[in-house]
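Take a look at the structure below.
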(Lines of atoms letter the chains of each structure in order from A; the text may use other names.)
(Lines give C-alpha, C1' and ligand atoms only; values in the text may rest on other atoms or scores of the structure.)
Protein backbone atom coordinates (compact mmCIF):
# COMPACT_ATOMS: atom_id res chain seq x y z
CA UNK A 1 0.00 0.00 0.00
CA UNK A 2 2.91 2.35 0.60
CA UNK A 3 3.70 2.27 -3.11
CA UNK A 4 0.25 3.45 -4.24
CA UNK A 5 1.03 7.10 -3.51
CA UNK A 6 4.32 7.02 -5.45
CA UNK A 7 4.57 7.68 -9.17
CA UNK A 8 5.02 4.49 -11.16
CA UNK A 9 7.59 4.14 -13.92
CA UNK A 10 6.01 4.24 -17.39
CA UNK A 11 9.24 4.04 -19.38
CA UNK A 12 12.84 2.95 -18.93
CA UNK A 13 16.13 4.38 -20.17
CA UNK A 14 18.57 1.73 -21.42
CA UNK A 15 22.18 2.64 -20.62
CA UNK A 16 23.56 0.34 -23.33
CA UNK A 17 26.85 -1.52 -23.58
CA UNK A 18 28.99 1.56 -22.94
CA UNK A 19 28.57 5.26 -22.16
CA UNK A 20 31.72 6.29 -24.06
CA UNK A 21 30.70 8.37 -27.14
CA UNK A 22 33.81 7.45 -29.14
CA UNK A 23 32.84 3.75 -29.00
CA UNK A 24 29.23 4.15 -30.15
CA UNK A 25 29.89 4.18 -33.93
CA UNK A 26 32.49 1.34 -33.95
CA UNK A 27 30.17 -0.81 -31.81
CA UNK A 28 27.21 0.04 -34.06
CA UNK A 29 29.13 -1.12 -37.15
CA UNK A 30 30.41 -4.24 -35.37
CA UNK A 31 27.00 -5.37 -34.11
CA UNK A 32 25.32 -4.43 -37.40
CA UNK A 33 27.73 -6.76 -39.18
CA UNK A 34 27.13 -9.51 -36.61
CA UNK A 35 23.35 -9.13 -36.91
CA UNK A 36 23.36 -9.20 -40.73
CA UNK A 37 25.57 -12.30 -40.62
CA UNK A 38 23.19 -13.87 -38.09
CA UNK A 39 20.09 -13.16 -40.20
CA UNK A 40 21.68 -14.36 -43.45
CA UNK A 41 23.14 -17.49 -41.84
CA UNK A 42 20.05 -18.61 -39.96
CA UNK A 43 17.50 -17.59 -42.59
CA UNK A 44 19.67 -19.20 -45.27
CA UNK A 45 19.82 -22.42 -43.24
CA UNK A 46 16.02 -22.51 -42.83
CA UNK A 47 15.40 -21.88 -46.55
CA UNK A 48 18.04 -24.43 -47.60
CA UNK A 49 16.49 -27.15 -45.42
CA UNK A 50 12.98 -26.33 -46.70
CA UNK A 51 14.07 -26.47 -50.36
CA UNK A 52 16.25 -29.59 -50.12
CA UNK A 53 14.19 -32.78 -49.91
CA UNK A 54 17.15 -34.92 -48.77
CA UNK A 55 17.49 -32.64 -45.71
CA UNK A 56 13.96 -33.46 -44.54
CA UNK A 57 15.25 -35.64 -41.70
CA UNK A 58 14.97 -35.33 -37.89
CA UNK A 59 18.49 -33.89 -37.60
CA UNK A 60 17.75 -31.03 -39.98
CA UNK A 61 14.26 -30.55 -38.58
CA UNK A 62 15.91 -29.77 -35.24
CA UNK A 63 18.59 -27.65 -36.94
CA UNK A 64 16.00 -25.53 -38.76
CA UNK A 65 14.16 -25.06 -35.44
CA UNK A 66 17.43 -23.97 -33.80
CA UNK A 67 18.05 -21.49 -36.62
CA UNK A 68 14.53 -20.10 -36.19
CA UNK A 69 15.08 -19.65 -32.43
CA UNK A 70 18.47 -17.96 -32.99
CA UNK A 71 16.94 -15.66 -35.60
CA UNK A 72 14.05 -14.72 -33.31
CA UNK A 73 15.85 -13.92 -30.09
CA UNK A 74 18.72 -12.06 -31.77
CA UNK A 75 16.06 -9.97 -33.58
CA UNK A 76 14.34 -9.26 -30.27
CA UNK A 77 17.58 -7.78 -28.86
CA UNK A 78 19.92 -6.49 -31.58
CA UNK A 79 17.83 -4.01 -33.66
CA UNK A 80 16.88 -2.05 -30.52
CA UNK A 81 20.52 -2.11 -29.40
CA UNK A 82 21.63 -0.76 -32.80
CA UNK A 83 19.13 2.10 -32.56
CA UNK A 84 20.43 2.91 -29.08
CA UNK A 85 23.99 3.27 -30.42
CA UNK A 86 22.95 6.17 -32.68
CA UNK A 87 20.37 7.96 -30.49
CA UNK A 88 20.99 10.25 -27.55
CA UNK A 89 18.17 9.08 -25.26
CA UNK A 90 17.52 5.35 -25.33
CA UNK A 91 13.94 5.06 -24.12
CA UNK A 92 11.74 1.96 -24.01
CA UNK A 93 8.19 1.95 -22.65
CA UNK A 94 7.18 -0.30 -19.75
CA UNK A 95 4.95 -2.39 -22.04
CA UNK A 96 7.68 -2.76 -24.69
CA UNK A 97 10.19 -3.72 -22.00
CA UNK A 98 7.97 -6.47 -20.60
CA UNK A 99 7.23 -7.74 -24.12
CA UNK A 100 10.94 -7.86 -24.96
CA UNK A 101 11.64 -9.64 -21.67
CA UNK A 102 8.93 -12.26 -22.31
CA UNK A 103 9.97 -13.22 -25.84
CA UNK A 104 13.69 -13.11 -25.02
CA UNK A 105 13.25 -15.54 -22.11
CA UNK A 106 10.92 -17.76 -24.17
CA UNK A 107 13.42 -18.23 -26.98
CA UNK A 108 16.48 -18.57 -24.72
CA UNK A 109 14.82 -21.34 -22.70
CA UNK A 110 13.72 -22.95 -25.97
CA UNK A 111 17.31 -22.89 -27.24
CA UNK A 112 18.53 -24.64 -24.08
CA UNK A 113 16.18 -27.58 -24.60
CA UNK A 114 16.55 -27.59 -28.40
CA UNK A 115 20.30 -28.12 -28.03
CA UNK A 116 19.55 -31.03 -25.68
CA UNK A 117 17.10 -32.51 -28.22
CA UNK A 118 19.72 -32.21 -30.97
CA UNK A 119 22.34 -33.94 -28.81
CA UNK A 120 19.91 -36.79 -28.08
CA UNK A 121 19.13 -37.09 -31.81
CA UNK A 122 22.86 -37.43 -32.60
CA UNK A 123 23.24 -40.00 -29.80
CA UNK A 124 20.45 -42.18 -31.25
CA UNK A 125 21.82 -41.79 -34.81
CA UNK A 126 25.36 -42.84 -33.83
CA UNK A 127 24.78 -45.31 -30.99
CA UNK A 128 21.50 -46.95 -32.09
CA UNK A 129 21.35 -46.49 -35.88
CA UNK A 130 19.11 -49.54 -36.47
CA UNK A 131 16.42 -48.11 -34.19
CA UNK A 132 16.83 -44.51 -35.39
CA UNK A 133 13.79 -44.36 -37.70
CA UNK A 134 11.55 -45.78 -34.98
CA UNK A 135 12.97 -43.78 -32.07
CA UNK A 136 13.12 -40.48 -33.96
CA UNK A 137 9.92 -40.75 -36.00
CA UNK A 138 8.22 -37.63 -37.36
CA UNK A 139 5.63 -37.78 -34.58
CA UNK A 140 8.28 -38.08 -31.85
CA UNK A 141 10.31 -35.19 -33.30
CA UNK A 142 7.19 -33.01 -33.55
CA UNK A 143 6.33 -33.72 -29.91
CA UNK A 144 9.91 -32.95 -28.86
CA UNK A 145 9.97 -29.60 -30.68
CA UNK A 146 6.50 -28.77 -29.34
CA UNK A 147 7.73 -29.58 -25.83
CA UNK A 148 10.79 -27.38 -26.32
CA UNK A 149 8.66 -24.37 -27.27
CA UNK A 150 6.14 -25.20 -24.56
CA UNK A 151 8.81 -25.10 -21.85
CA UNK A 152 10.16 -21.87 -23.30
CA UNK A 153 6.88 -19.97 -23.38
CA UNK A 154 5.62 -21.33 -20.05
CA UNK A 155 8.92 -20.44 -18.36
CA UNK A 156 8.80 -16.96 -19.90
CA UNK A 157 5.20 -16.50 -18.71
CA UNK A 158 6.22 -17.36 -15.12
CA UNK A 159 9.18 -14.95 -15.14
CA UNK A 160 7.17 -12.14 -16.76
CA UNK A 161 4.23 -12.59 -14.38
CA UNK A 162 6.61 -12.31 -11.42
CA UNK A 163 8.18 -9.19 -12.95
CA UNK A 164 4.76 -7.57 -13.52
CA UNK A 165 4.16 -7.82 -9.76
CA UNK A 166 7.31 -5.76 -9.06
CA UNK A 167 6.81 -2.05 -8.39
CA UNK A 168 9.14 0.46 -10.09
CA UNK A 169 9.03 3.94 -8.56
CA UNK A 170 11.73 6.51 -9.37
CA UNK A 171 14.81 4.79 -10.77
CA UNK A 172 14.27 3.91 -14.42
CA UNK A 173 17.79 3.59 -15.89
CA UNK A 174 18.45 -0.03 -16.87
CA UNK A 175 22.17 -0.76 -16.60
CA UNK A 176 22.13 -3.12 -19.57
CA UNK A 177 21.54 -3.09 -23.33
CA UNK A 178 18.12 -4.78 -23.15
CA UNK A 179 15.38 -5.58 -20.63
CA UNK A 180 16.72 -8.51 -18.63
CA UNK A 181 15.74 -9.93 -15.25
CA UNK A 182 18.64 -8.89 -13.00
CA UNK A 183 18.93 -5.29 -14.32
CA UNK A 184 15.17 -4.81 -13.85
CA UNK A 185 15.22 -6.27 -10.34
CA UNK A 186 17.92 -3.75 -9.40
CA UNK A 187 15.42 -0.92 -10.04
CA UNK A 188 12.59 -2.39 -7.94
CA UNK A 189 11.27 -0.50 -4.94
CA UNK A 190 9.27 -3.54 -3.78
CA UNK A 191 10.46 -6.96 -2.64
CA UNK A 192 12.03 -9.16 -5.33
CA UNK A 193 12.46 -12.24 -3.13
CA UNK A 194 9.92 -14.30 -5.10
CA UNK A 195 11.57 -13.24 -8.37
CA UNK A 196 14.99 -14.31 -7.10
CA UNK A 197 13.76 -17.73 -5.97
CA UNK A 198 11.91 -18.32 -9.26
CA UNK A 199 14.90 -17.11 -11.29
CA UNK A 200 17.41 -19.37 -9.56
CA UNK A 201 15.05 -22.38 -9.60
CA UNK A 202 14.06 -22.14 -13.26
CA UNK A 203 17.60 -21.22 -14.35
CA UNK A 204 18.97 -24.29 -12.57
CA UNK A 205 16.36 -26.50 -14.27
CA UNK A 206 16.75 -24.98 -17.75
CA UNK A 207 20.56 -25.04 -17.64
CA UNK A 208 21.41 -28.20 -15.68
CA UNK A 209 18.88 -30.61 -17.26
CA UNK A 210 19.88 -29.81 -20.89
CA UNK A 211 23.57 -29.73 -19.93
CA UNK A 212 23.38 -33.18 -18.32
CA UNK A 213 21.46 -34.51 -21.34
CA UNK A 214 24.09 -33.11 -23.71
CA UNK A 215 27.00 -34.40 -21.61
CA UNK A 216 25.44 -37.87 -21.34
CA UNK A 217 24.77 -38.00 -25.08
CA UNK A 218 28.31 -36.91 -25.96
CA UNK A 219 29.90 -39.42 -23.57
CA UNK A 220 28.12 -42.28 -25.37
CA UNK A 221 28.93 -40.70 -28.76
CA UNK A 222 32.65 -40.48 -27.87
CA UNK A 223 32.64 -44.12 -26.73
CA UNK A 224 31.17 -45.08 -30.13
CA UNK A 225 33.72 -42.92 -31.97
CA UNK A 226 36.59 -44.64 -30.16
CA UNK A 227 35.39 -47.94 -31.64
CA UNK A 228 35.91 -46.61 -35.18
CA UNK A 229 38.95 -48.42 -36.63
CA UNK A 230 39.84 -45.74 -39.18
CA UNK A 231 42.09 -43.00 -37.75
CA UNK A 232 40.78 -40.54 -40.33
CA UNK A 233 37.18 -41.43 -39.44
CA UNK A 234 37.85 -40.91 -35.74
CA UNK A 235 39.53 -37.55 -36.43
CA UNK A 236 36.60 -36.29 -38.54
CA UNK A 237 34.06 -37.40 -35.94
CA UNK A 238 36.03 -35.85 -33.07
CA UNK A 239 36.52 -32.54 -34.92
CA UNK A 240 32.79 -32.30 -35.67
CA UNK A 241 31.79 -33.16 -32.10
CA UNK A 242 34.36 -30.76 -30.62
CA UNK A 243 33.03 -27.83 -32.68
CA UNK A 244 29.45 -28.63 -31.63
CA UNK A 245 30.48 -29.02 -28.00
CA UNK A 246 32.42 -25.71 -28.08
CA UNK A 247 29.32 -23.81 -29.21
CA UNK A 248 27.19 -25.49 -26.54
CA UNK A 249 29.82 -24.75 -23.86
CA UNK A 250 29.94 -21.03 -24.74
CA UNK A 251 26.14 -20.78 -24.69
CA UNK A 252 25.54 -22.62 -21.41
CA UNK A 253 28.68 -21.22 -19.77
CA UNK A 254 27.64 -17.61 -20.38
CA UNK A 255 24.07 -18.37 -19.26
CA UNK A 256 25.30 -20.03 -16.06
CA UNK A 257 27.61 -17.10 -15.30
CA UNK A 258 24.73 -14.68 -15.72
CA UNK A 259 21.84 -16.47 -13.99
CA UNK A 260 23.21 -19.14 -11.65
CA UNK A 261 24.37 -16.74 -8.97
CA UNK A 262 22.56 -14.87 -6.20
CA UNK A 263 21.12 -11.49 -7.17
CA UNK A 264 23.22 -9.77 -4.47
CA UNK A 265 26.55 -10.82 -6.01
CA UNK A 266 25.70 -10.38 -9.70
CA UNK A 267 28.26 -8.24 -11.53
CA UNK A 268 26.69 -5.56 -13.73
CA UNK A 269 29.50 -4.97 -16.22
CA UNK A 270 30.58 -8.62 -16.40
CA UNK A 271 26.91 -9.50 -16.94
CA UNK A 272 26.83 -7.29 -20.04
CA UNK A 273 29.88 -9.03 -21.50
CA UNK A 274 28.45 -12.46 -20.69
CA UNK A 275 25.12 -11.53 -22.29
CA UNK A 276 26.84 -10.58 -25.55
CA UNK A 277 27.93 -14.20 -26.01
CA UNK A 278 24.50 -15.83 -25.78
CA UNK A 279 22.50 -12.99 -27.39
CA UNK A 280 24.73 -12.16 -30.39
CA UNK A 281 27.83 -14.35 -30.77
CA UNK A 282 26.25 -17.82 -30.45
CA UNK A 283 23.32 -17.11 -32.86
CA UNK A 284 25.87 -15.90 -35.42
CA UNK A 285 28.19 -18.92 -35.03
CA UNK A 286 25.60 -21.72 -34.89
CA UNK A 287 24.85 -21.88 -38.66
CA UNK A 288 28.59 -22.09 -39.43
CA UNK A 289 29.36 -24.63 -36.71
CA UNK A 290 26.51 -26.98 -37.62
CA UNK A 291 27.03 -26.76 -41.40
CA UNK A 292 30.72 -26.02 -42.07
CA UNK A 293 31.83 -29.68 -41.96
CA UNK A 294 28.42 -31.04 -42.94
CA UNK A 295 28.52 -33.00 -46.20
CA UNK A 296 24.72 -32.98 -46.65
CA UNK A 297 24.50 -29.19 -46.33
CA UNK A 298 27.36 -28.70 -48.82
CA UNK A 299 25.65 -31.08 -51.25
CA UNK A 300 22.35 -29.21 -50.89
CA UNK A 301 24.10 -25.88 -51.55
CA UNK A 302 25.80 -27.26 -54.67
CA UNK A 303 22.49 -28.62 -56.00
CA UNK A 304 20.79 -25.28 -55.33
CA UNK A 305 23.49 -23.33 -57.18
CA UNK A 306 23.44 -25.81 -60.07
CA UNK A 307 19.67 -25.35 -60.42
CA UNK A 308 20.13 -21.58 -60.54
CA UNK A 309 22.82 -21.88 -63.22
CA UNK A 310 20.59 -24.23 -65.25
CA UNK A 311 17.62 -21.83 -65.09
CA UNK A 312 19.83 -18.87 -66.05
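Cβ from N, Cα, C; glycine included.
Check Swiss-Prot against the ranges 8-28, 29-49 and you find transmembrane segment recorded for 29-49. The topological domains that Swiss-Prot gives for residue 78 and residue 234 carry different names, which places them on opposite sides of the membrane. Looking up the ranges 123-143, 144-164 in Swiss-Prot, the one annotated as transmembrane segment turns out to be 144-164. Transmembrane segment is the annotation Swiss-Prot gives to one range among 182-202, 245-265, and that range is 245-265. Of the two recorded stretches, the transmembrane segment (275-292) lies close to the transmembrane segment (29-49), with three or more CB pairs under 8 Å once pairs fewer than 6 apart in sequence are set aside.
Proximity of the transmembrane segment (205-225) to the transmembrane segment (100-120) is established through 3 or more Cβ-Cβ distances under 8 Å for residue pairs spaced 6 or more apart.
A contact between the transmembrane segment (245-265) and the transmembrane segment (100-120) is present, since 3 or more of their C-beta pairs, 6 or more residues apart, lie under 8 Å. The average pLDDT computed over the topological domain 'Extracellular' (165-204) stands at 91.
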